[in-house]
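*Asks:* Shown below is the structure under consideration.
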Amino acid sequence: WWWDERVSARFRRNLQPTLTYWSVFFSFGLCIAFLGPTLLDLRCQTQSSLSQITWVFFSQQFCLLIGSCLGGVFKRTLAQSLLALFASSLAISLVFAIIPLCHNVVVLAVVMAVAGLAMGCIDTISNMQLVKIYQKDSAIFLQALHFFVGFGALLSPLIADPFLSDTNCILANGTANASSNLPHIRKSLVPHHPGNLSHYDLPMKGMVVTRVSYAFWIMALINLPVPIAVFFLLYKERMVPCFNGSSHPLLSADELALETRPGDKDELSTAGQRPHTAAGHEDLFSCCQSKNFQGASFTYFAVHITGALVLFMTDGIVGEYSGFVYSYAVEEPLAVVHKVAGYLPSLFWGSITLGRLISIPVSYRMKPAAMVFINVVGVLITFLLLLIFSSSVVFLFVGTASLGLFLSSTFPSMLAYTEDILQYTGCATTVLVTGAGIGEMVLQLLVGSIIHDRGSYSFLVCGMIFGCLAFTFYALLVFFHRMYPKPSPELDEASPDKAAVPEDTGQYQR
């Protein structure tokens, strides 16, 4: 391994749960990226209009946000976390299987809302469980986790592509013009913004000829091993009621004793007899209870808020750039041909996935704070150059790749940095995941309205403004980090969490 023996040994001890959380995040990526390419075929399947079908986008995104907020409800114990992940990953497979049976747009929106809730739970729980397992070593494993969501997001459009309709999938008279522009319409569809596509005559009645059902059934089968892996982890942890007697925990008592400091053994044996709660890690609504505010300093709240605002901006940039870069490219002054412009969103997501892969070894050598600084500065410089060379098609492609690379590791690095500041207490993961989800949804809607009113050039101006705000909030986060009180060594050693979860043991918590 290119990391040290301590981290390598910690990974080996937690190999099965780590791989399980990575695989669950693959489900998240698989589900988050299929809707855009398949939306026109789903429009035909439900015989709905463009404005109606874009509500399906909104239902998924909105419920993803709700699921992220509620995810903390299920992570008070390991059993609740794994049961929630099992239900969520199984729900995604069922959603893929059910989508071809949805012939009404309202039913489809409800099904996608269920998928959004499952994705939100996966997002919050997987991030938090890895932070709980690896704590100060979590950055590298969070980078790998977010690589898998990128890998899933790249795979699902590739699976869907052979089954997408080349011509209008509702056979009716007078559809030649719309049929010839289907690739353009498909790339231009973003949540709640059909834009200026309403003049295309897309029929709502007629014979439906689409093969997209096969794509969803293939994705359901590909995703099926994920809930099986989570179930197997539940079985190994003796959390399946029917099979408690024959299985063994992932970490034996002898190994646990070796990892534990001598003074902590008695406390650990006592803690092992009761369900272990996730101290300090709550759902968003529990975080807002007054008991969590007692004795908290101003900087405690400031770290949560500024960290969430950085991700609000950076994840918002990901959403607005991936949603509108195609529309920006095909309009004046660039006027890129539709087929060439269609490669831009794929290039952007490919760069994000590549950047996350590169960030895995880099995060071991570089502190999360430094990585976030490089990311936000890189985003700023990229948008500045895109504005300067706004008439260059070549630089649009170069800038798109550069932006994807810089944005790729922002979320896991920020999560590792903020949790480290707060000593793995508080509500950092829940607040950051929720902030990122809100940013991706809100900024996409905002930029769509601005582009409609002000023209395509405002797309880059908005990105530059969001980048400046992200850098400003990061600077404030660093400032509040300097002010944040350091924990007392005596209190640190005496705290209940220290006895139950030794900082350097890497044990898998029950």
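Quick reminder: no glycine exception, Cβ is built from N, Cα and C everywhere.
For reference, TrEMBL lists these features for the protein:
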TRANSMEM  21-40  transmembrane segment
TRANSMEM  52-74  transmembrane segment
TRANSMEM  81-99  transmembrane segment
TRANSMEM  105-126  transmembrane segment
TRANSMEM  138-159  transmembrane segment
TRANSMEM  214-235  transmembrane segment
TRANSMEM  298-318  transmembrane segment
TRANSMEM  340-358  transmembrane segment
TRANSMEM  395-417  transmembrane segment
TRANSMEM  429-451  transmembrane segment
TRANSMEM  457-480  transmembrane segment
REGION    488-510  region 'Disordered'
*Asks:* Short question: which residues 6 or more past the ends of the transmembrane segment (395-417) have a Cβ under 8 Å from it?
*Replies:* 127, 131, 138-139, 142-143, 145-146, 150, 307, 310-311, 314-315, 317-318, 321, 325, 329, 334, 336, 343-344, 347-356, 358-359, 362-363, 367-369, 371-372, 374-376, 378-379, 382-383, 385-386, 389, 428-429, 432, 436, 477
*Asks:* Which of 21-40, 52-74, 214-235, 298-318, 429-451 has the most Cβ pairs closer than 8 Å to the transmembrane segment (81-99)?
*Replies:* 214-235
*Asks:* Suppose I define contact as three or more CB-CB distances under 8 A, residues 6 or more apart in sequence; do the transmembrane segment (105-126) and the transmembrane segment (457-480) meet it?
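*Replies:* Between the transmembrane segment (457-480) and the transmembrane segment (105-126), which are separate recorded stretches, there is no contact, as judged by 3 or more close Cβ pairs.
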*Asks:* Considering pairs 6 or more residues apart, do the transmembrane segment (214-235) and the transmembrane segment (138-159) have at least three CB pairs under 8 Å?
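*Replies:* Yes, the stretches contact each other.
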*Asks:* Could you pull out which residues elsewhere in the chain have a CB under 8 Å from any CB of the transmembrane segment (340-358), counting only those six or more residues past its ends?
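*Replies:* Hits for the transmembrane segment (340-358): 33, 143-144, 146-147, 150-151, 153-154, 157, 183, 187, 318, 321-322, 325-326, 329-330, 396-397, 400-409, 412.
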